[in-house]
Every structure is written in structure tokens, then in C-alpha cells.
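Comments concern the structure below.
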Amino acid sequence: MTHREKHTQHQRLFFYMVGVGAAVVALFGYFAAAAFERYPLADLDLMKAAIIAVSTCVLFYQFDQLLSTREMSYMLGRASLRWVQVVMVVLLAYVLLPEPDRDHMREVMQLWAIGTWPLILGALALMRLSAVRLYSGADARRAIFIQPGRQSRTLALRLARSPMLGIRIDGYFGRPYKGEQGAVKRLGGLDELDNYLRTTPCQVVFLGTGLITDPQATPIMDRLGDTTAAIYFVPESPRESPFQINVADIAGVPLLALHETEILGMSRVLKRAFDVVVALGMLLVFGLPMILIAIGIKRTSPGPVFFRQIRYGQDGKPISIYKFRSMHVHLPEAAKVQQATRGDPRITPLGRFIRKTSLDELPQILNVLDGSMSLVGPRPHAAEHNELYRQQIKGYMLRHTVKPGITGWAQVNGLRGETDTLDKMMQRVEHDRYYIQNWSLWLDIKIIARTALLVVRDRSAF
């Protein structure tokens, strides 16, 4: 799982240039294709040209592979997928917008889609080579660490593996530490730092948390104030901590956030509106199949149509979730709540089908409409399982910062189905927390699309 990367201001400017550059190439390809096919340039639809420019710029802005350490071929492959997305958007516009000479324009669009592809890849390859020259080699900024901790050593390793980030580590000043593994060379103790700063050009300084309690902290900070270096503080979280540190800003005061969510304010309103609109659409599409499933359940096994269970919702409050009953009715007091397993004899023949296709989850559309659940979010577990895992997994209850979902980031990343080991549940929690801290409407759309594909081809459901 890859966490969202933060980029420096000059790197963000570079990404803006990438988006604009890709849009210029796409527009050039459009006009060149029209000229080659002898389509009158005066008759070209400016709306279509605007759609080409905007869609290309948006989809190629922050194309992180340009600054990735992976091979050029991988970057070009990812760029090709982005280009396919651009083409799909533009072709949709071609279908929907009026066109006086549709046959002639179809030839232009075909040539544009195929002919501009190598131009885009060539432009991105040149931009990547430019990035290598810009952010590494002779132009790299020299950096040192002062009293580094565990996170500082992690940062040093990643900088060493990512020369295009443009920072070259000279070493560190402070007490020796074990497990260095060649990541950072020790340049000396804190008393030797002043001489280094006077004799060696240094553009970046990373301060570890160990400096805070050091008696030399004040004179060192005074000395750094007399340099021209960029100075960063590298925070540490306790060992074995479930938290990951992020930078936040509240009322203009910078904070180090151990856990937060993006689903606040207008983002929460937007997510709720999206949930309601899509859930109503799903009711229109799946209303008849839901009625047929309900009839099938009543006719094939005794018992209620719906299975109702108390689970934990947002803020750990209990909610009632609904599913189509897929098992034979049994006495709940006879045993503990037990997860379904492959070949479980409790599952009815019809239940096996609706579980395999995830149709048993459709009644949770009602949970979405009543506001107790969202379309996308951490999957709610049985209350008994919650009480078990909150004792075994640090940070488990943090997944209840937001509403639970019908599907989630964990489910589309191979963590669907039975969690028969503690490690699997820990991975689920990790993915759930990633979703909470990195939510966007586009991420919800992406998860829903991937869920639809999984329902068709996934074999882990039973």
C-alpha cells in the first residue's frame, strides 16, 4: 500500500508544468490530425478542444511516476493508461456533442488518439530526463541530520533510494546508534557541528527529536539561524505505535496529526450527497432483483428474509445492519458469533449464490439512505469480533472515525472474505486507516468501480 506523497513547492510547480505541457501536446495532436485529414480548421469545435486540454491537464497533473525511482518503461506504461482515460473522456464528448460532419471527424479523432500517444510518451520521457538533471547530480542539495532518530534513518534510506528528490545526505552529527546499516555516515558529535557549518556548504538540515532534550539544543539552533540552510524537524512516534504522523493546520497553528480524517465540513456534505444519489440509483436498478431474492429466500428455507445484526458504526455507536439471510436459522445463544467459512454447512444453496455475488449486501442500501452507513468505508464487523480485535490490535477502534461502508479500500485490495488470522485483520485495519486519512470523492468512485469488477471475477467470496 502506498501512502500519498507530499511534494515540495518547486516539485508541485514541476507537476503543474507537466499537466500544461501534456495538454499542449494533446492540442497540437488534435490540430495536426485535423490538418492531415483535411478537416477545415475553421470548423473545428472549440468546445472539443477545451475538453481535450482540460482532461489531459487534469489527468497528467501530479503524474508522480516522473519522479519515481522505477524504470522508464514502467513510467511509460502508466502514462499510456492515463492517455487511454483522456481518449475515453474525449470520445464521450464526441458522441454527445453535435457534429456537422461526424464521419470526417471520426477519422480525425482516430488519428488523434493513435498519433498523439507517442508524442505524449516522448514529451513525458523528456520531462523525466529533465527531472533527473534538475533534482539530482550536480544540482542536488547537500544535507545533514542532527541527533537523528528512527524516522530520520528511514528518511535517509528513502532519500538515498530516490536521487530525483534532489537531496544528497552527507551524514549526521550526534551520538552513535546501533543498526546504522550504512544508511547515514556519522560525521561527529554535536561539538563538531559548528566547524562543519563554517567550512562546508550545506543546504538542508534535518533535526531529530533527540535534540530537544539535549543541553546543546539552544546554541545549535542559534548557530543554524546564522546559516542559509532549509531546516526541517523530523518527528518521532513511539515504537509499536499505531499512529502515523502527518502535518495539519488548525486556526493557522501548525500541528502534528497522529490521526485525522479528510471527511469533514463540506467534504462530509459532498460524500453524503454522493451516497444518497448513488444509493437511490442502485434501488432503481436492483429493486426488482431484490424482490426476487426475497421471494427465493422465503421459498427455499424457513425463516426471515433479512438478517439483522448489531455492529459498530461511526464513533463506535451500535447500528443495525441488514443483509439478505443466506444461512439456515440457528439459535444465536447456542454459540459465539462465528465468521462464515468456505464450505460452511450453515449456508443455504441460494445463500451461497447471493454471497458469492455479494447480492446479500444489497439491503445495506437502506442503511446508506438512513445515514448509518456509507457506500464506501471500513466494513463493520460483528460487535463480538470488535471487542475481541480491539484488545489485540493497536488502533483498531480508529477505523470507526467515519461511517462504515458496504465496500472499502481493504476489500478491493485483496482483503475480502474470511479473516482467519490476526495478520489479515491487522492488514484490514491498516487499509481502513489509509482510507480515512486519504479520502477523496475520486477514491470512493475508484473503490466502487473496482468492487464491481471484483463481484464479477473474485473467487474469495463464499
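The backbone N, Cα and C atoms fix where each Cβ goes, and this holds for glycine too.
TrEMBL labels come from automatic prediction, so no person has curated them.
These numbers come from a predicted model, not from an experiment.
Among the features that TrEMBL reports, transmembrane segment is placed at 12-34 (among others).
Residues or ranges marked as transmembrane segment in TrEMBL: 46-67 (among others).
Residues annotated as transmembrane segment in TrEMBL: 79-97 (among others). Among residues of the same chain six or more beyond the transmembrane segment (79-97), those with a C-beta under 8 A of the stretch's C-beta atoms are 26, 45, 47-48, 51-52, 55-56, 59-60, 63, 65, 105-106, 109, 113, 116-117, 120-121, 124.
When Cβ-Cβ distances below 8 Å are used as the criterion, the transmembrane segment (109-127) is approached by residues 17-18, 21-22, 25-26, 28-30, 32-33, 36-37, 60, 63, 66, 72, 75-76, 79-80, 83, 87, 90-91, 94 of the same chain, each at least six residues removed from its ends. According to TrEMBL, the feature transmembrane segment maps to 109-127 (among others).
Here TrEMBL flags 271-456 as domain 'Bacterial sugar transferase'.
Long-range Cβ contacts of the transmembrane segment (276-297) within its own chain (Cβ-Cβ under 8 Å, at least 6 residues beyond either end) map to 303, 305, 324-325, 348, 350-351, 354, 359, 362-363, 365, 368-369, 375, 448. Per TrEMBL, transmembrane segment is recorded for 276-297 (among others).
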